[in-house]
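Now, the feature entries from Swiss-Prot:
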BINDING   Lys259  ATP binding site
MOTIF     12-22  motif ''HIGH' region'
MOTIF     256-260  motif ''KMSKS' region'
Amino acid sequence: MNDMAVRVRFCPSPTGTPHVGLIRTALFNWAYARHTGGTFVFRIEDTDSARDSEESYQAILDALNWLGLDYDEGPEIGGPYAPYRQSQRRDLYRDVIDRLIAAGEAYEAYSTAEEVEARHLAAGRNPKLGYDNFDRDLTDEQRAAHRAEGRNPVIRLRMPERDITWRDLVRGETTFGAGTMPDFALTRGNGEPLYTLVNPVDDALMKITHVLRGEDLLPSTPRQIALYEALIRIGVADGVPEFAHLPSVLGDGNKKLSKRDPQSNLFLHRDRGFIPEGLLNYLALLGWGIADDRDVFSLDEMVAAFDVVDVNSNPARFDQKKADALNAEHIRLLSEDEFTARLKAYFAAHGHDTGLDDAQFAEAARLVQTRIVVLGDAWGLLKFLDEGAFVLDEKAAAKELKADAVPVLDAALAGLEGVGQWTTGAIEEALKKALLEDLELKPRKAFGPIRVAATGASVSPPLFESLELLGRDRSLARLRAGRDHAAAAA
């Protein structure tokens, strides 16, 4: 399939919440399609009605939309190989099954699990070896007898009795030995098609040229290659796609990151205030890199450089601190206007209200852009602007609002009450004169009590700008309250 235009697919099952490992797979497929000028197909594998949910499907759509991973064909937009939901393709699978049986590539198997185990035991083999290919050569009479007993067959593919080898784009030449893979089931006993059938059949019918997926699916590859070869022989497939098995994503210790690990939940990162650029940059580093000496890059730069053959086969560890640091870098790379818009949308989504007008909010955003790791950090720095959210941090007050803060705050109040235009420059001038010149205080001793009294915390945006945003009346009221707190602590 090397001479064909690249067609890749992202085909999740709609169960649970999107996992960062799943999204890493989507990103690598998307980037490879965009790098090669190929097609990114989005397909939903929803044949398990007991586990699949519409809510999970919508969550996957939400994730792709938020991250900007646009697809060229899929369930919401259609395409030449629609439908793109497996639950709507059952007639196609039934037709393929019938053709495989008619060509002798697949057969009806009636053995129960108990019968298979009994045959293994009788032959002195491990009873847990799995299916023993017993039904391969049943006669028509034997099949009729089983049906008369009320048995429903599963359909199994006749596996080739030879090694199966392929050149994995990530792992190199990979071989599974002859006899290690028994004939496998394509359907359940009720005729429902299994993943083992529908996934390769859809790839064949949708002309997928490259399969980029997690290494947990590596053991299923020889079976799928055998099925592709059978599909070629019956005229359903044009060829066998190339495979690239992406490295596992590990959590704490050496365990694979699971859905139970909080950092695996894509939406928890969004709720904290990750921006798409930061999260995608980090996910790209889970198995790939743009250069040995460079970790920060844009999505466009990734697309220009990405080739799946450069993906590392070693497991990648999810490092939350590194992810946070990269997100902070991407927040700093946003223009002031773009950052303001992102922060406003984040605050609105989380019910945070600073009470500022647009111009004031833009100024507040400018003050915190270089001081945060995730958008959620900004509320911790700006919530002092909301009277309902303002609280005096006990530790900060115990440190800064002691008896020696009373004369500092008295002098600050006296200086600020004489300020005409309540601007950053005027506030700075008044406070520096009152505290640094007149009282001859060091800056930390001078401004620490003011910061805690005005913002409630020892860490805040720049002090003079914060007082301007807070406004004259509220600033003076907070300093008076801080002065009373210090006096009471004396």
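Quick reminder: no glycine exception, Cβ is built from N, Cα and C everywhere.
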- Six or more residues out from either end of the motif ''HIGH' region' (12-22), which same-chain residues have a Cβ under 8 Å from its Cβ atoms? 44-46, 48, 51-54, 56-57, 59-60, 63, 214, 248-249, 257, 259, 263-267, 269, 283, 318
- Message: Mean pLDDT for the motif ''HIGH' region' (12-22), rounded to an integer?
- Response: 94
- When a 10 Å sphere is centred on the Cβ of Lys259 (ATP binding site), how many other Cβ atoms does it contain? 13
- Where DSSP helix means H, G or I and strand means E or B, what are the helix, strand and coil counts for the motif ''KMSKS' region' (256-260)? 0 helix, 1 strand, 4 coil
- Task: Pull the DSSP breakdown for the motif ''HIGH' region' (12-22) and write it out as helix, strand, coil residue counts.
- Result: 3 helix, 1 strand, 7 coil
